[in-house]
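Engineer: Sharing a structure here in structure tokens format.
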Amino acid sequence: MRFLSFLIFVFAVLGLVQAQDQSGFISLDCGLVPTEITYVEKSTNITYRSDATYIDSGVPGKINEVYRTQFQQQIWALRSFPEGQRNCYNFSLTAKRKYLIRGTFIYGNYDGLNQLPSFDLYIGPNKWTSVSIPGVRNGSVSEMIHVLRQDHLQICLVKTGETTPFISSLELRPLNNNTYVTKSGSLIVVARLYFSPTPPFLRYDEDVHDRIWIPFLDNKNSLLSTELSVDTSNFYNVPQTVAKTAAVPLNATQPLKINWSLDDITSQSYIYMHFAEIENLEANETREFNITYNGGENWFSYFRPPKFRITTVYNPAAVSSLDGNFNFTFSMTGNSTHPPLINGLEIYQVLELPQLDTYQDEVSAMMNIKTIYGLSKRSSWQGDPCAPELYRWEGLNCSYPNFAPPQIISLNLSGSNLSGTITSDISKLTHLRELDLSNNDLSGDIPFVFSDMKNLTLINLSGNKNLNRSVPETLQKRIDNKSLTLIRDETGKNSTNVVAIAASVASVFAVLVILAIVFVVIRKKQRTNEASGPRSFTTGTVKSDARSSSSSIITKERKFTYSEVLKMTKNFERVLGKGGFGTVYHGNLDDTQVAVKMLSHSSAQGYKEFKAEVELLLRVHHRHLVGLVGYCDDGDNLALIYEYMEKGDLRENMSGKHSVNVLSWETRMQIAVEAAQGLEYLHNGCRPPMVHRDVKPTNILLNERSQAKLADFGLSRSFPVDGESHVMTVVAGTPGYLDPEYYRTNWLSEKSDVYSFGVVLLEIVTNQPVMNKNRERPHINEWVMFMLTNGDIKSIVDPKLNEDYDTNGVWKVVELALACVNPSSSRRPTMPHVVMELNECLALEIERKQGSQATYIKESVEFSPSSASDFSPLAR
């Protein structure tokens, strides 16, 4: 299938259609002049307007007149970009809304060079696709489904070689947020088919969302159609023509087969199949079939299309194929009297968008600064100010923290011919550390809001002769306490300020040099001491028989005697908890609260776990791993001393045992993100990598600020650093959270932790126990999948939340969790991917709490019961 190639034919002149509502449509005829006009394209009845208000660069042009009669009017003009490497369209939209975005590129020898262009297309800071024009009269269409992360969107054309980027039309169509849901990334269209041997191609207004449908019917199938109306009112709103036609096998006793292939065998796909029974079956007649994938994997069992009503079946988690081939077989069951059918098929490829946008407020501020000071002609000031780093705006420095948006940390507009007052928009750059506005023609007062910019340490306003020299009182206080340096011109009695500041900076620099020298000397001595005697673990003699096969722990750091443990716990006065390892007590050490875990006098395995935990915690440090304060290895007395986590474990907080306050959805997402970051650090930040092996809510502890930290590393195992992805080990863990593949094979990998974490995510969403024999499906994984067959997310969400959450965000978490608990470890995501997804879910909730204008439809789609296989589709 070459769907995008077929799309070019759609832009040929079609028959007239009737008008429908185009609310929310953005239809741009790129390069249209005069820019103020709009027109209605006759063959589609879509209203187009110029792109001029969405972009401030580029040159209008028109395709050669000889080609114009072959295409719809919005293709005749175009905009090319001979200047600058990146040129971007800017849209102000609503965050979290879902859009179909389509760019069309018809060369038509507009420049008379007969030179076929190639360039890249970006969505925000991420590459969307490479555009290569196949012929003078041909072109390219790029289409994707994308959820906005912020309330602005940039679509950029990036020059990659000697040819000039251009664009013919750009179209945005709002979609229902409950449709085309992914665990991550956006969707690029591979094919959108309805089953007919002949045209027409379908788009608006037959498709209210202006999706483009291509007719398709191969010689192994025949056409089934009806003149009766079909109910298409589920979330996907397929056109009537799609619903009223279907493909069935030529031989009614044979299965229906649909095959396609993708060039990129690593790509992930989502498949949407639309079904409706369009024959009037008698009472003793049945159409029932199974859907299998690539030779036997069950996709859907005993499926019966509803009578004259569309139902959509899709995979809740992306699928891939080892060789890039996708083969679907629709086979009659033994109960069926009629062959299988299918009415419509949509195939999408996942486009991951790993690069986060710069903070929204900072982007808005920079756009305002660009407009206020007339900086639109700066060729690099296009698109996202910081991302990707290769295209960062000239004059900016940015920081790029892990799993967080880029931040603008310095702005240099020195000598930029700025005039007028200093805009207060600069104060919205909350991460800004240095601001240079020197050598311009700025006037007016120094904004008092600069004093509220807590990260700002340097302001250079020198060379602005018309700027008011008075300094706001609040800003002067920061200058006086040395938290901010202000460089400005002075006259008269204050003329020495710049010199004084320069001298002060020089003095500080000299002190820093001296301190650096002292630090190097001290550090050198420390290394000499370390070289003379290691302060880690060494082999020694063990007194207890229970430890006869293990080394003792000998270190000079963090080691306490048993009497010191008695003192810090006041003779074990207050019990915090009990477990198989022993008892945890409250303690105080140097006026700091601690938790003391005393190991019971038991087996050699207990000591091994104790030793493993000490060894791990002495060498790993992360803000989301419980910190080890020290340990006791005194005769038969073994203890671990941890930082005290005031709010106890996650299970206690979810159940209400620790507090009557219900954990909000935002807090739950924050806890999930932080626990995932701790786990991701064990997998990727440690050398050698570590597997926790016992991830569960009771091992996720919360401090007084509800910050989450992973605890209990007694079962943790390390991996060799030679590329091994798994090790064979005796199965250990907690029933209900144990990876079934690990249990079956004894092969342990990081994906075993991913499985356990997926179970924890389901508990966070549902507040249900992992095992409950009174449920129809005892294990929480099976119960969630069973409950979601009706597409109603509310049926599983913790009722204590009182529906105070973003439904789309909950769906994303549940689908991520179900991907984590996939029985096959190879199909589970990695922890970095989990962290990225959860960060997006947290951002959705934070934006909702801050008053986002986005609205979502919460109804669910009716859906036939599915089997509980790996690929059971979810409905919504």
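A Cβ is built for glycine as well, from the same backbone N, Cα and C atoms used for every other residue.
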Engineer: Quick check on the record annotations: which of Asn259, Asn653 is tagged N-linked glycosylation site by Swiss-Prot?
Structural biologist: Asn259
Engineer: Using CB atoms and a 10 A radius, I'd like the single residue among the glycosylation sites Asn45, Asn90, Asn177 with the highest neighbour count.
Structural biologist: Asn177
Engineer: Among Asn455, Asn468, Thr734, these being the recorded positions, pick the one whose CA is nearest to that of Leu576 (ATP binding site).
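Structural biologist: Minimum Cα distance from Leu576 (ATP binding site) across Asn455, Asn468, Thr734 lands on Thr734.
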Engineer: Based on Cα coordinates, which of the following recorded positions are within 10 Å of Asn138 (N-linked glycosylation site): Lys578, Gly582, Val584, Asp694?
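Structural biologist: Cα within 10 Å of Asn138 (N-linked glycosylation site): none.
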Engineer: Out of Asn45, Asn90, Asn259, Lys578, Gly582, the recorded positions in the record, which is closest to Asn290 (N-linked glycosylation site) when you go by Cα distance?
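Structural biologist: With Cα distances computed to Asn290 (N-linked glycosylation site), the winner among Asn45, Asn90, Asn259, Lys578, Gly582 is Asn259.
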Engineer: Highest CB neighbour count within 10 A among the binding-site residues Leu576, Val584?
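Structural biologist: Compared across Leu576, Val584, the most Cβ atoms within 10 Å surround Val584.
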Engineer: Taking each of Asn468, Val584, Thr734 in turn, which of these recorded positions have a Cα lying within 10 angstroms of the Cα of Asp694 (active site, proton acceptor)?
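Structural biologist: If one measures from the Cα of Asp694 (active site, proton acceptor), the recorded positions that come within 10 Å are Thr734.
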Engineer: Enter the number of other CB atoms within 10 angstroms of the CB of Thr734 (phosphothreonine).
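Structural biologist: There are 16 of them.
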Engineer: Which chain-mates of Asn455 (N-linked glycosylation site) that are at least 6 residues away have a CB under 8 A from its CB, listed by sequence?
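Structural biologist: Long-range Cβ contacts: Ile409, Thr430, His431, Leu432, Arg433.
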